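Student: Checked TrEMBL, it gives:
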ACT_SITE  Cys157  active site, nucleophile
BINDING   Ala62, Met63, Ser64, Gly65, Gly66, Val67, Asp68, Ser69, Leu88, Gly181  ATP binding site
DISULFID  Cys157-Cys254  disulfide bond
DOMAIN    264-328  domain 'tRNA-specific 2-thiouridylase MnmA-like central'
DOMAIN    412-442  domain 'tRNA-specific 2-thiouridylase MnmA-like C-terminal'
SITE      His182  site 'Interaction with tRNA'
SITE      Gln426  site 'Interaction with tRNA'
Amino acid sequence: MAPPTTTSTPSWPRCLRFTRGPNPREWPVRFRRCTRAVCLEEPAPRFTPNEFQENPVRVLAAMSGGVDSAVAAARAVEAGHDVTGVHLALNRMPGTLRTGSRGCCTVEDANDAWRAAEKLGIPFYVWDFSERFKEDVVDDFVAEYAAGRTPNPCLRCNEKIKFAALLEKAMALGFDAVCTGHYANVVTVDGHPQLHRAAEDAKDQSYVLGVLKEQQLNHCMFPLGDTPSKALVREEAARRGLSVAAKPDSHDICFIPDGDTRGWLAERIEMEPGRILDAEGADLGEHDGALAYTVGQRKGLKIGRPAPDGKPRFVLEIRPKTNEVVVGPKADLAVRTIRGIRASWAGQPVAVFHQFMDEEQAVGASSSSIRVEVQVRAHGDSLPATAWLETVLDPDTHPLGDQDRAFRTELVMVLDEPLSGVAPGQSAVVYHGTRVLGQATINTARAGVPADLGFSA
């Protein structure tokens, strides 16, 4: 069996075949359902992952070429499932792929995935998703920065590629589940899936999976979710004779080869010099292009005049319409109230939110509030907060003065303590204990809190 190559680029969704194809027959068995209940008002218990025990199912294992996805596929095979491996060719544009074997998105990584599949004795394919990846992830990344927002491409890839395009194709071919090497858990409560944190907090990836909805979670398999440490995964890979056992993790953005996000964006967004201002509007200097900055950034400001207190300045706000960057002291980055748009729920919404969304609401209406924890970065801390839904006029769809303006529902989160570096465009993922309730895209973040909550600002 020869290793996969990328010499030709068939149009999606055809695949490059390296061994026997997946059998399209429909299996009569489905997923085992767990009947254990969890109450939102009580600390959420730690569950074991839903690994479709008892009945074998047809599993499509997404194999990136890294150690995590290889061990996840191995565990699915060992559990008795009928497993087929697939590597996603996500990017064929010259000059946009890293060189070397790094765990994602290179020809070397495809070869590593093929060798792991061969060791496990499972069929293996490379599927070309490069067009979908460019449209849904790369172009979205550029558009978000052009609008002055800070996107998370890994989260978008999970939402649009791995658990949308890939999952859709898997279901069409008769597979029951998609298996990945993510560190997270899916459990089933009263017939509905729930997404939970992994056993190892340091490797937990539930944040970047927070965009998954109930129908997607029904077909997700995360065999590594209850593994206590990454070291144990590497040891297991070595015992199984997998060549990727010592392969380093990939941490940077896969489609930015040298990690220089600013330089990469400058080749795709027209950058124009503009002014750097402080919070009072004083002109501090000139920047090369506002759209390459992000809230919380300190390096690269090139301000010749020091701050009056001698302390560093940080980016507080990006103003794409006026091409201005607002900077100030670190203390001014602290926010308490976050408003999110395009909220989605990882399984069934909690009762108070479900009821609010099921009923027609007037502008200004709000749901009952619940206590949650909020996380705004993939490896950031989760902070206690009070959250509720609120119906507001939608300024993005109708001009001022239009009596028929549309409205939207926003997720409002008021943190118990201030948090720095919160940028529009990031995802705010909401937790209750280990359970992921859902997420929303951050639209605004402010230092103050609503007066009627009785909190101190």
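The chain as shown is numbered from 1 upward.
Glycine too: its Cβ is placed from the backbone N, Cα and C atoms.
It should be emphasised that the depicted structure is a prediction, and the values quoted were computed from it without experimental measurement.
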Student: Can you tell me the CA-to-CA distance separating Gly66 (ATP binding site) and His182 (site 'Interaction with tRNA'), as a whole number of Å?
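Tutor: Rounded to a whole number, the Cα-Cα distance is 11 Å.
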Student: Given the recorded positions Ser64, Asp68, Cys157, His182, Cys254, which one's Cα is the least distant from that of Gln426 (site 'Interaction with tRNA')?
Tutor: Cys157
Student: Would you give the longest CA-CA distance, in whole angstrom, between residues of Ala62, Met63, Ser64, Gly65, Gly66, Val67, Asp68, Ser69, Leu88, Gly181, the set recorded as binding ATP?
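Tutor: Comparing all Cα pairs, the maximum is 16 Å.
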Student: If you measure from the CA of His182 (site 'Interaction with tRNA') out to 10 Å, which recorded positions from the list Ser64, Asp68, Cys157 are inside that radius?
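Tutor: Qualifying among Ser64, Asp68, Cys157: Asp68.
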Student: Round to a whole number and give the Cα-to-Cα distance in Å for the pair Cys254 (disulfide bond) and Asp68 (ATP binding site).
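Tutor: Taking the Cα atoms only, Cys254 (disulfide bond) lies 17 Å from Asp68 (ATP binding site).
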Student: Round to a whole number and give the Cα-to-Cα distance in Å for the pair Leu88 (ATP binding site) and the residue listed as 'active site, nucleophile'.
Tutor: 12
Student: Rounded to a whole number, how many Å is the Cα of Asp68 (ATP binding site) away from the Cα of the residue listed as 'active site, nucleophile'?
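Tutor: Between the Cα atoms of Asp68 (ATP binding site) and the residue listed as 'active site, nucleophile', the distance comes to 17 Å.
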Student: In angstrom units, rounded to an integer, how far apart are the Cα atoms of Ser64 (ATP binding site) and Cys157 (active site, nucleophile)?
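Tutor: Cys157 (active site, nucleophile) has its Cα 13 Å from the Cα of Ser64 (ATP binding site).
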